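Copied over from Swiss-Prot, here are the features:
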- ALA33, GLY34, HIS35, ASP53, PHE80, ASP101, GLN108: S-adenosyl-L-methionine binding site (BINDING)
Amino acid sequence: MEFKHVSVLLHESIDGLKIKPGGIYVDCTLGGAGHSLEILRRLGPEGKLVGIDQDPAAIANAAEKLQEFPGQFHAVQRNFFQIKQILREMAISEVDGILFDLGVSSYQLDTPERGFSYMHDAELDMRMGPDQTISAKELVNDISEEELATIIRRYGEDRWAKRIASFIVKERKKRAIHTTGELVDIIKAAVPVGARREGPHPAKRTFQALRIAVNNELEILEQTMKDAVTALKSGGRISVITFHSLEDRIIKDTFKELANPCTCPPAFPVCACGKQPQIKIVTGKPIQPSKEELEHNPRARSAKLRIAEKLNI
């Protein structure tokens, strides 16, 4: 299957990096390589880009799509939470800009055998890379009802989490749940008819929650952002695109902490803790897709872009 993916907030996110022709940049979520291609087009012959993705299909796609930049593009098949280690191994001490696009690629969603989508019946999987050992199928069939409800409530923010978990456990006692279609049917049965008539697909939040749990997405996000900011040169920029409120809240709070790290009581006339701001926040409010973009790519509707700049410290 061809690796198809429409890059979200493409120009806004790359404009936010303020590309320097001879700079070094990192695309931490290579995906369909659309953002990487735009960065490389703006770089001069001395500029370099490191592309990180744990999905072998994304790495293979990028190798083909970006082959016109052989000396400038370097692909790394790893999880982006290892950015500090990756740059150290490449003998790169500082970079000019870093991009994160935290959405699941259209390719992953539209490839049934990856088991990400509630729109295609396939084996339950949801692992983004070979390093993940536990699949969604194992979570759904093996963990307790309480743990399942916690995952759906915490990562999916689904009001019916407890009821969905109860229905899943009831069904798996009869037979194991193997496919996305089987899970969708259980969720539809669990969610009351009235609630199903409104809002998104009833399985959307549960599938999101399982994907986040399988890939440990949120647990590593805050520290990854801090490591990324540490890797930036003074004046370097970081652009982060999120697709749901949990991710956006983590990025927002981490940026706020890095921009104002002082822990002194409000009554103190001057700072005594000695903690210095590391960044300035460029986007007071997140940038969202235009109407034109949403017409061409409805999947972009929940995207939010936040940008920050490293201070001279």
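Every residue gets a Cβ built from N, Cα and C, even glycine.
Annotated features taken from Swiss-Prot, shown on the structure.
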| residue | record | DSSP (3 states) |
| --- | --- | --- |
| ALA33 | S-adenosyl-L-methionine binding site | coil |
| ASP53 | S-adenosyl-L-methionine binding site | coil |
| PHE80 | S-adenosyl-L-methionine binding site | helix |
| ASP101 | S-adenosyl-L-methionine binding site | strand |
A correct count of other C-beta atoms within 10 Å of the C-beta of ALA33 (S-adenosyl-L-methionine binding site) gives 27
Over all shown protein chains, what is the count of other CB atoms within 10 A of the CB belonging to ASP53 (S-adenosyl-L-methionine binding site)?
-> 27
Can you tell which of GLY34, HIS35, PHE80, ASP101 has the least company, meaning the fewest other C-beta atoms within 10 angstroms of its C-beta, among these binding-site residues?
-> GLY34
